[in-house]
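Participant: Here it is, the structure in full.
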Amino acid sequence: MSTTTTMRAWTYMQSGLPSQTIVLDDEAPSPSAAELGPDELLIAVNYVAMNSGFTTLMRSLPPQPYSLPHIYNRQKRLGVPEFEFSGRILAVGSAIPSTRPDLQPSTLVLGCCAAKRVFIEGKGALAERVIAPAAQLIPLRPLSTVTTQDDESPGPDPAAPPISLLEASGLSACGCTAVQVLDLTKLVAGDKLFVNGGSTSVGMLIIQVARQVLGQTGTIIASGTDATLIRSVGADDVIDYTAQRPLHEFLRTHHAGRPFDAIIDCVGVAELYTHCEPYLAPGKLFINLGAMTAKPTFWGLLSFVWNQHMAPLWPVVLGGVPRSYQFYSARPNRETLGRVMRLVERGELRMVVDSVWEMRDAKMAYKRMESKRAKGKIIVRVQEE
């Protein structure tokens, strides 16, 4: 039983498969209001959305790999995983009433932890309480504050948020990623987009945001056997990569005549970029979001990071690819979170949930993540609303 000084939290002390390394601590130290900085908030976590990128890090690195106290003082490494969540505000920092009056105690919010707290201090979201910066939080406003009804027809409860806490838990980092990468592509109506990994949680959000930019045509998706699901969120065409191997040869054969105006890879398949010249238009951008193909070891992760850094720098005369390349990681902020929520409120964006697991079953949730067969977000219910 947790108290105000302790809480339930999943922790890990070594690298490896999360389903094998995490341990449930029923008396983990709880953050408190006394620890809050001026722009921070204490949140009671209801749901946590798992992230494949964090799973890759957990498999490759021990917790807090860059924490100097642990290096020099040889303190025990201990980390709480994950960073995307939804919940209820318990307490606010001293600056919040004047800078963010929309964030008050008892307000329902979605957001993510600061990178420093997660990756350096080991204080992630898979716990009953967490501290998060105001810049990476946004309230779930009731429908009555964001929409109006012009007719007498029955509609949604105006006192209800436009999205549930459960669905909202996966919208902060992934939603910001979808909006920000579409901004990077500079796509306009009539352009042609290719998304690899359309059945990933971020892939399905990208498809929906792209639909608002490109209109009825233009989004081509590579996925497995999930064509119905992918089309339901707005894809115009779905390529079954399991039946078209190698995928880059299929793209060269069928799309060289009208190349793509942007390619977004949610998986991290290097060959898609190294062979993309015929099917990605000159001057257009290849964006990689994924690390699912990285070897799950320290050196494998180091090699992946090195390759991401070198890909755009390698000269064409030495075998480089004459197309722009960028590895992108979400930068959640208030402005982008606001854009995400406006899309949700207009019914133009929804989170596809693969499965929901109770807090005690987080190991099973990680097994689902490790299978790489999830179709949408994997959610852990930390505590009841």
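Each Cβ is built from the backbone N, Cα and C atoms, and glycine gets one as well.
Pulled from Swiss-Prot, these are the listed features:
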type    : residues                                                                                               : note
BINDING : 64-67, 199-202, 223-226, Tyr241, 289-290, 372-373                                                      : NADP(+) binding site
BINDING : Pro156, Asp157, Pro158, Ala159, Ala160, Pro161, Pro162, Ile163, His309, Met310, Ala311, Pro312, Leu313 : substrate binding site
Participant: Among Ala311, Leu313, the binding-site residues in question, whose Cβ has the most other Cβ atoms within 10 Å in this structure?
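Facilitator: Buried the deepest by this measure is Ala311.
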Participant: Any same-chain residues 6+ apart from His309 (substrate binding site) with CB under 8 Å of its CB? Would you list them in sequence order, or say none?
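Facilitator: Non-local contacts for His309 (substrate binding site): none found.
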Participant: Using C-alpha positions only, work out which of the binding-site residues Pro162, Ala311, Leu313 is nearest to Tyr241 (NADP(+) binding site).
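Facilitator: Looking at Cα distances from Tyr241 (NADP(+) binding site), the smallest one goes to Ala311.
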